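J.: One structure is given below, represented as structure tokens, and several questions about it will come after.
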């Protein structure tokens, strides 16, 4: 199969939405019956984002095969049907690590190791390895053109055009075209300088996607085309929109997919964007509004809970409901009480690590349980729900997790037992390092047939993604059924608790896995869809 690559770079400033633009463009080409995939190149020195603070870098997106990756891979999976793997995201750190390991083993036969060719060849090899059985590979280069960290990646993608032919590569450059409100002018100079910087590296962009507050007029586009040496029709205006799911249509209307297919000489049908039209229709034609509270400790950066936020919106789309999301600091609940929870129609506690903010989360679970507020616990959220239940319902006041109190009398939650660590991606050497030491990726879960979860999924066996190193201590689970808390999902051979449900409650479900990673705007996810449905019901009850 012929190898074709589209390389996407960014200029002027960061945070232009390069990942979303890449994903949306891939979605349009997928809608033309093309098989596409996307790679993200991250220029930081970390091996992966697994140990980076969510407040700095946003969430860690977990793939089916257990890779801890950049949050942009979440955007990719939400826009296209292709599932990402560990091959779809790599960092400068992982490249250097691979090269240095080979050098230590003597695989370079005594050669002096250099950026060119050793680092760039390793980058090229990884990129090209993703081109099997796909029509087009999109490659998003992280960072901004001009950053020193991105130079090896840019050099590698420059060389790929030489290796496989310019006719099999397209370079797309995403830039900012600012609007100056005082003079009421759109300024093209930053884009010109950004392209000049890219040209100095040896890359001539074929398409310019210009991010702007307003539609860029034809005159300004013609000027950009002239000074940046691109065709006028290849200067694309991408304005700010109220929904990212409108972007595929915006790109299609400006015939970006047609330009790409013409360059690659691909004879494919027009893009069928009917599924995206349905998503937008459901977003615009809503019947309800609900407010969902996400209770966490990384609320300064909404990107820390990106997939959860998007999954809640998907649940809203499927219920034709506007979902308003409040990010609430659990530490403030601990200090100031539960008043700020009174306006919520549903409460969600997402995954997390460490003891900070735990007391506020325990207070929140108790509030939701007592007041019949729909509650959804994910990963740590399930563990918190169990600790609260053991303390306040069963009466084990010292119930805790060994993550928060190593010597607690009743360790309801503890490290995954050694006997269960023969699962994929588990590293037994937890104390010596943090990176790559968790139960990661897709794991099988067996559902109890008379449960809500079984009804929602419509099957006996499911597979969901995990990211945790602590689990429910099986020594204590026999006590909970008689108090009304049901274990409705377990891992293979009943080793680990995966889902719990509270009886006699409007909606109280918690799971050890991360369902947000598999939710999409076109399909949603059964747990999130039903959670929003319960929030709508709770709002109606509350209004009576």
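Quick reminder: no glycine exception, Cβ is built from N, Cα and C everywhere.
In case it helps, Swiss-Prot gives these features for our protein:
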type	residues	note
ACT_SITE	379	active site, nucleophile
ACT_SITE	514	active site
ACT_SITE	516	active site
BINDING	14, 187, 188, 189, 190, 191, 192, 223	UTP binding site
BINDING	14, 147, 148, 149, 187, 188, 189, 190, 191, 192, 223	CTP binding site
BINDING	15, 16, 17, 18, 19, 20, 72	ATP binding site
BINDING	72, 140	Mg(2+) binding site
BINDING	352, 380, 381, 382, 383, 403, 469	L-glutamine binding site
DOMAIN	291-541	domain 'Glutamine amidotransferase type-1'
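In terms of burial and nearby residues, how do these features look in this structure?
T.: Taking all protein chains in view, 23 other C-beta atoms sit within 10 angstroms of the C-beta of residue 379 (active site, nucleophile).
The number of other Cβ atoms within 10 Å of the Cβ belonging to residue 514 (active site), over all protein chains shown, comes to 23.
Its own atom aside, the Cβ of residue 516 (active site) has 27 Cβ atoms within 10 angstroms in the protein chains shown. Residue 516 (active site) falls within a helix when secondary structure is assigned with DSSP.
Cβ neighbour count for residue 187 (UTP binding site) (all protein chains, 10 Å cutoff from its Cβ): 15.
In this structure, residue 190 (UTP binding site) is part of a helix by DSSP.
Using a 10 Å Cβ-Cβ cutoff, residue 18 (ATP binding site) registers 26 neighbours.
Sequence-distant contacts (6 or more apart, same chain, Cβ under 8 Å) of residue 72 (ATP binding site) comprise 18, 19, 22, 23, 40, 61, 89, 140.
Long-range Cβ neighbours of residue 383 (L-glutamine binding site) (same chain, at least 6 residues apart, Cβ-Cβ under 8 Å): 377, 401, 412, 413, 470, 472, 512. According to its DSSP assignment, residue 383 (L-glutamine binding site) is helical.
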J.: Taking every protein chain shown into account, which of the binding-site residues 16, 148, 380 has the largest tally of Cβ atoms within 10 Å of its Cβ?
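T.: Answer returned by the neighbour count: 380.
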J.: Looking at the domain 'Glutamine amidotransferase type-1' (291-541) alone, can you tell me the average pLDDT?
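T.: 91, rounded to a whole number.
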J.: Between residue 381 (L-glutamine binding site) and residue 514 (active site), what is the CA-CA distance rounded to a whole number of Å?
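T.: Given the Cα positions, residue 381 (L-glutamine binding site) is 10 Å from residue 514 (active site).
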J.: Quick one: among the binding-site residues 19, 190, 352, 381, which has the most Cβ atoms sitting within 10 Å of its own Cβ?
T.: 381
J.: Need this for a regression test: recorded positions 379, 403, 469, filtered to those with Cα within 10 Å of residue 514 (active site). What's left?
T.: 379
